[in-house]
Amino acid sequence: MEMSAQQDNSNLNNVSGSGSCLYDLLSSDTPSWSSQRDRWKSSGPRGRLESLMRQSGNRFCADCGSPDPKWVSTSFGVFICIKCSGIHRSLGVHISKVLSVKLDEWTDEQVDSLVNLGGNTVVNKKYEACIPSNHKKPKQSSSSEDRSDFIRRKYELLQFLDCDEQLSCPFPLSHGINSSSSQTNSSSNNTGQDKKQCEKQGNKNRIGQAFRNSWNRKDSDYKAAKKSNSLAGMVEFVGLIKVNVVKGTNLAVRDVMTSDPYVIIALGHQSVKTRVIKNNLNPVWNESLMLSIPEHAPPLKVLVYDKDTFTTDDFMGEAEIDIQPLLTAAKAYEKSTINESMQLGKSVASKDNSLVKDGIITLEDGMVKQEISLRLQNVERGVLEIELECVPLTQ
Ligand SMILES: [Zn+2]
């Protein structure tokens with residue numbers, strides 16, 4: 001796969017959605033992931049991160065106990081396994097931001113903040129202080145529903161939180177689940193009013209406190225949480241897909257002469273988007289976005305919009321990509337040790353799909369990739385080029 005050089009990473013912070021943290025890495029001009037990784041190994045934050053990972057408390061997933069977790073919720077400072085990371089990701093980045101120890105580039109500040117949060121043992125002591133006896137922690141083999149239920153109660157509803165922590169009220173109790181965007185760094189922003197609420201509850205016993213924590217919320221908030229839980233929680237994630245939105249060609253005009261296009265990529269209930277490129281009908285994004293792959297993966301949806309400041313964004317076309325051929329190839333070659341590049345298969349262009357040409361699936365540097373060229377549908381014109389890459393669960 002060609003990773004075109006792109007030096008301007010200034011839009012990094014504008015990329016929203018899960019996995020966007022990989023943007024920096026993926027849009028760099030280094031041709032292969034492995035050489036990139038090797039370079040980091042000698043750098044400061046990476047070395048510190050890996051020694052943190054080796055600490056005894058961090059050798060098992062903070063949520064389900066699976067060995068050798070390689071993902072981190074930077075919001076809470078815990079090392080977690082890939083299955084739990086999928087659930088964290090589906091809570092939304094405003095609750096739990098997930099980074100990969102291996103695939104993401106870490107800054108010194110991020111590692112510092114991880115060190116300050118204390119690691120799995122310290123964090124669990126706080127967030128699992130009051131697990132009621134009828135509630136069991138999930139295990140490595142637990143269903144995704146049990147896993148999701150626990151993770152949501154632990155981090156989003158904060159039902160098991162330490163009573164002392166509740167006294168100092170790290171979480172704005174009066175706020176609902178859906179107004180939680182203010183909680184990005186959840187543990188420090190409390191208001192006087194919330195504090196009063198906490199103090200009122202101060203002398204109640206621990207377990208009662210844990211339950212009251214959820215009862216204090218509006219009933220409708222809890223129902224909303226339950227509902228979204230059932231949507232997110234039923235899904236077992238089998239891997240990650242990296243979608244590199246390369247470029248658009250001859251896109252539709254939506255403003256007077258031109259458009260300000262951006263692309264939304266959706267898979268199941270997850271969606272991520274690229275940055276907006278102003279005044280350009282042939283935009284080059286070269287922007288990589290990550291999505292978790294659900295067990296029964298629906299087609300990947302691609303939507304292009306024109307960003308308007310004062311009105312609703314205008315539609316500029318859409319397409320669907322069947323990712324099953326790529327997943328099948330990725331499964332077959334997941335453990336392969338073949339080093340040379342080879343073609344594994346292809347998605348054939350036909351009038352039943354929106355492919356401009358056959359989507360060739362290749363094995364390169366041990367990664368299964370596919371290049372896709374899409375004719376945008378339900379619009380007068382426009383072609384979008386995308387590269388897909390599977391990141392298997394073993395990563
Ligand atoms: Zn886990």
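Even glycines carry a Cβ here, placed using N, Cα and C.
Keep in mind that what you see is a predicted model, and the values were worked out from it rather than measured.
When the ranges 28-48, 133-153 are checked against TrEMBL, the one recorded as region 'Disordered' is 28-48. If you take every residue in the domain 'Arf-GAP' (46-168) and average the pLDDT, you get 89.
According to DSSP, the secondary structure content of the domain 'C2' (218-337) in residues is 25 helix, 50 strand, 45 coil. The DSSP breakdown of the domain 'Arf-GAP' (46-168) into helical (H, G, I), extended (E, B) and coil residues amounts to 60 helix, 11 strand, 52 coil.
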